[in-house]
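Asker: Copied straight from TrEMBL:
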TRANSMEM  114-138  transmembrane segment
TRANSMEM  150-168  transmembrane segment
TRANSMEM  180-205  transmembrane segment
DOMAIN    326-528  domain 'Glycosyltransferase 2-like'
TRANSMEM  492-521  transmembrane segment
TRANSMEM  527-545  transmembrane segment
TRANSMEM  644-663  transmembrane segment
Amino acid sequence: MSRTPNYEFQEWWNKQRDRNHDELLLEKSDNLSTSPAFLSVEIRSSGSPGDRMADKDRARTRSARQISWVWLLKFQQIAGSLASITNGIVYLVRTANRRISSPDSPADSATSRLYRIIKVFLIVVLLLLVFELVAYFNGWHFSPPSVSSASAEVLGFIGFLYANWLQIRGNYLSPSLQCLINLCIVLFLIQSVDRLLLMLGCFWIKFRRLKPVAAFEYSSTGENAASPEDYPMVLVQIPMCNEREVYQQSIAAVCIQDWPKDKMLIQVLDDSDELDVQQLIKAEVQKWQLRGVRILYRHRLIRTGYKAGNLKSAMGCDYVKDYEFVAIFDADFQPGPDFLKKTIPHFKGNDELALVQTRWSFVNKDENLLTRLQNINLSFHFEVEQQVNGMFINFFGFNGTAGVWRIKALEECGGWLERTTVEDMDIAVRAHLCGWKFIYLNDVKCLCELPESYEAYKKQQHRWHSGPMQLFRLCFFDVLKSKVSWKKKANLIFLFFLLRKLILPFYSFTLFCIILPLSMFLPEAHLPAWVVCYVPGIMSILNILPAPRSFPFLVPYLLFENTMSVTKFNAMISGLFRFGSSYEWIVTKKLGRSSENNLVALEKELEPLVEGTSLHRSSSESGLQELTKLEISKKVGKNKRNRLYRKELALAVILLTASVRSLLSAQGIHFYFLLFQGISFLVVGLDLIGEQNHSSSVSVLKLVCSRLKLLITSCSCI
């Protein structure tokens, strides 16, 4: 018999299946919302305890294998970092060795002698550090051995040597070093007092609002308008030598002077030995001649005497006797259109006045750290030294440019002489001995350019510090025989030459680069902390006051000045003892930072003048076209690269070695000063200050630093 289908059970089964399906979909959506990456299904087995133990062992084995793989990956990463660091250091050392021994910069006798002395000092310092480390780990720093208390067999050979070393340094070396320390401290205090008196004089000038006042002022309108007779004949000279980057801006700035054209003659004194530069300068002169400017181009066939010979040759022209004053501008200087109207009136009614000097202003003072530090130094020089000396004693050193001379005074004191590389200081001293007076105008500024690379700045400073010593040696007896008062003689000999040109570089280099590190290895000789830190800090604050915006660079300025002491000391020795480099003149490298902007403004300003004259563009190219040619020539030029300086690097190692030794004696302030001073020498020695060239050595340094950072991160993770 056939069974009847159970429709009720079938209907119940279908309902249960649909409900279970909906619950499964809901659970799946919940799992996807909480873990969107995947859907995990946990399967539980009700196996025996033995099976569960086996599963735990397998999981533990898998965890140990994973940890081993992680450790292997970490060690592989560390090994790769160490290999990269090693390769970078090896490449850096090879590059350094190649650049240090490169023949690009031939060393003179003074430089080579000084470097040999520094190298011997470096070897001695390293040996002493090793000796002191051995003594420290043997406990001899806390209980020093004595030669009289034990024999060599009891102390051992090294202990016996250390005991004798203690006796020698305590009885013989330290007293001599202490005498040198005391001498440098006295010189240091004298120089600090001189700086303090100069600052007090500057504050007095500001407080009383003292400034030179001209007998009259030029006015172009009104009843007091100047007549043609009030404008004297002025000769303007622009000496230059291979000034490819800046010749246009200086010539243009002089040609647009607000002065009657028939009362002014411009001499472009070109000593260039590059034919293309001569052609460019000559074309620029022809362009301004066609615009109605009285301008001449002079080129010497026999280039002797550097800048002094160039100026002397130009003053020998027959037409110079028709002129009363001569204004001198270097190739990178851009005087304002009213420069002559602000300086010439001071000569009116003052027949004893020979020179009017104006202040320099820098177009690239914020270009990099090097230019900022130079701006601090030169701001103090002009704001304080030049202004105080000009106001109270009517004498200062001529800066060689941005000044106006009375031609009669130049002729009376002998004219330009070629005996030194500081012809400007030479003629200023001789004019002062002849009784002439000088005026400094701090409110009249002349734009110029600072050297942006350390190489150019170092060469400039070498000339500026070797030349005064040449001059001091040549004119010492002339000063004693002169008819000026004994006060002026004392000021020239003791303040102008000895204190500011000889003693300053001597004690700076000796105290901070020789005595300070040596005193760490001869602790019986005491160098007070106030000499190392406090007084130099106060003097740096005084130096930075004329440039208040530079206060954030106070510490770099202090360290950089000590770093430059080696260059200044070497230059001073070269000039004093007549070494070959003291007679070498190297033109300071300029980049023409403002030339493009000036040319664009000048082209707009002179458009009416150009339209009003029949100028043929074929006879003289425009300034912008010549600038474009210049930029193309710059691009095809050879690539620059960082230089390495041996003396600075050797002194960096000496100072850093002395800082390690100071740790053993727990001399905190000495340690920090030596550490940061050593780092500053290292930065300068690697040419990492100033105009930066992205050379291979800098890239390697960045690579090494990045690998070191990666290595430290890997080790911290482990």
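Backbone N, Cα and C atoms are what each Cβ position is placed from, and that goes for glycine too.
Keep in mind the model is a prediction, meaning the values are calculated, not measured.
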Asker: What average pLDDT does the predicted model assign to the domain 'Glycosyltransferase 2-like' (326-528)?
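Answerer: Over the domain 'Glycosyltransferase 2-like' (326-528), the predicted model scores a mean pLDDT of 93.
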Asker: Can we call the transmembrane segment (527-545) and the transmembrane segment (180-205) in contact, meaning three or more C-beta pairs below 8 angstroms at a sequence separation of 6+?
Answerer: yes
Asker: Residues of the same chain, at least six outside the transmembrane segment (644-663), with any C-beta under 8 angstroms of its C-beta?
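Answerer: Same-chain contacts beyond the ends: 96, 99-100, 111, 114-115, 118-119, 121-122, 125-126, 128-129, 132, 458, 513, 516-518, 520-521, 563, 566, 570, 670-671, 674-675, 677-679, 681-682, 684-687, 697.
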